[in-house]
Amino acid sequence: MSSSPVPLLRPPVPGNRGNGPRPPKLTLGIPPSPNSRPVDGNGVGPAAAAPEAPQPQRPSTRPAPPQLRLATPMGSSSDVPQEVPRLANGRPAPPPLATTGLNESTGHSRSSSFTYLDGKASGPASASSSNYSALSFAMGLRQPHGSTPDPSSAISSVYSDREGGVQMERDNSVNGLLPDLDKLSLEKGRPLDVDDLDDEGWLAASEQKKIIELGSLGEGAGGAVTRCKLKDGKTVFALKIITTDPNPDVKKQIVRELNFNKDCASEHICRYYGAFMDKSTGTISIAMEFCEGGSLDSIYKEVKKLGGRTGEKVLGKIAEGVLNGLTYLHSRKIIHRDIKPSNILLCRNGQVKLCDFGVSGEFGTKGDANTFIGTSYYMAPERITGQSYTITSDVWSLGVTLLEVAQHRFPFPADGTEMQPRAGLIDLLTYIVRQPIPKLKDEPENRIRWSDNFKYFIECCLEKEPPRRATPWRMLEHPWMLDMKNKKVNMANFVRQVWGWQD
């Protein structure tokens with residue numbers, strides 16, 4: 001018997017909104033989980049007996065917890081021999097650089113305060129290429145020597161073969177000479193810009209010193225993101241350099257699959273201009289659209305620093321943008337796989353865009369526990385336990401993201417208690433799988449009230465049974481979404497208030 005769909009069309013229940021200042025007194029931090037170890041199944045085997053008089057088995061009366069098995073969502077766990085990468089002269093290639101997680105910059109700190117930031121003029125002017133699941137990583141398992149991560153899950157979950165896809169990337173550093181960009185500029189009669197370069201062109205721009213750095217956007221153990229432009233070009237772009245060390249064949253597949261993303265054309269998807277692999281350093285560089293408003297993660301932390309709270313109407317526009325982006329990606333047969341606050345960007349005009357569909361999640365598991373943990377916090381229960389990963393898993397991650405931004409804290413555990421500092425990741429993942437889902441609650445002490453439809457939207461996103469969880473396009477028909485679509489919100493003014501821009 002098939003499961004009934006989630007009842008999204010429940011009549012909306014109006015909620016009250018309080019007026020006046022709402023100074024939050026919450027602390028942020030993705031806490032570890034309670035200081036307790038997961039309970040293993042403790043079935044007792046048959047009792048020992050003499051051969052002539054065997055005794056019956058005595059099963060344990062203790063119930064076994066849900067099975068938390070190792071996950072291989074998109075890949076294979078079989079070992080595949082790795083070939084030693086070699087240079088053009090036949091000698092073995094030097095090992096790539098070691099890893100180092102990407103922390104976003106959260107500058108522009110000010111001491112002013114806000115009430116609800118809803119776009120109004122109130123307030124001051126202003127990756128996993130691993131074959132293991134989150135649980136196996138938390139238990140200390142590592143990839144066996146000689147095994148190769150499955151390239152099919154290297155960047156985004158492209159779940160159909162694309163005609164000519166293998167031809168999308170030429171091995172530009174071995175099979176041919178790089179283009180002379182000065183000559184190409186003369187032929188075009190104008191300076192080159194981001195749309196003029198393919199992957200060979202981007203590698204040539206790097207080697208011919210045509211990429212001008214304008215400032216750092218963040219750096220850490222996994223790499224760095226820099227604001228750049230091409231020499232004599234007009235477009236400012238973000239260059240993300242990833243220094244982690246997956247298998248070389250996977251790196252090539254990553255560059256190929258980024259070209260799938262390059263063909264995406266949606267106002268809700270951060271545009272990818274190109275990517276290239278530098279074999280001398282073992283890094284992958286990704287040129288992408290620069291979104292000046294920053295990530296939702298940096299925005300809500302800045303709002304918290306200012307003593308405010310992101311308003312429900314702003315959250316509605318953010319949710320609408322994410323759902324539209326996920327719907328578009330699904331039409332391209334792509335699953336994002338890594339929805340979280342740091343992968344939701346806002347432009348200066350307030351446009352919401354998705355970035356990193358798979359990039360940070362895939363690289364995050366390789367030698368950087370903090371990055372991996374940060375990603376796995378937003379995983380749907382089915383992904384934690386190794387079940388198939390679908391587009392509705394991204395809807396779960398959206399629910400966790402909205403709940404975190406609304407409450408200014410990570411929503412697990414649901415009661416908001418502080419967790420023990422030495423509790424392990426496996427405890428938290430087990431908690432997410434086994435315990436009731438968190439709910440959005442009003443905060444009378446801070447005079448903060450959320451609408452009943454918003455609370456119901458979060459509840460629908462955090463449906464634990466995948467068949468009952470709605471798709472992104474179905475969630476766009478939710479009563480809360482229909483209500484939010486009719487709201488007038490100046491998202492550009494909201495971003496301007498957060499960062500204190502005067503123009």
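Yeah, the Cβs are placed from backbone N, Cα and C, and that goes for glycine too.
In Swiss-Prot this protein carries:
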type	residues	note
BINDING	Leu217, Gly218, Glu219, Gly220, Ala221, Gly222, Gly223, Ala224, Val225, Lys240	ATP binding site
COMPBIAS	53-66	compositional bias 'Pro residues'
COMPBIAS	100-115	compositional bias 'Polar residues'
COMPBIAS	121-130	compositional bias 'Low complexity'
DOMAIN	211-481	domain 'Protein kinase'
REGION	1-130	region 'Disordered'
Quiz item: the domain 'Protein kinase' (211-481): mean pLDDT?
Solution: 85
Quiz item: How many other Cβ atoms are found within 10 Å of the Cβ atom of Gly223 (ATP binding site), counting all protein chains shown?
Solution: 24
Self-check item: Leu217 (ATP binding site): tally of other CB atoms within 10 A of its CB
Solution: 21
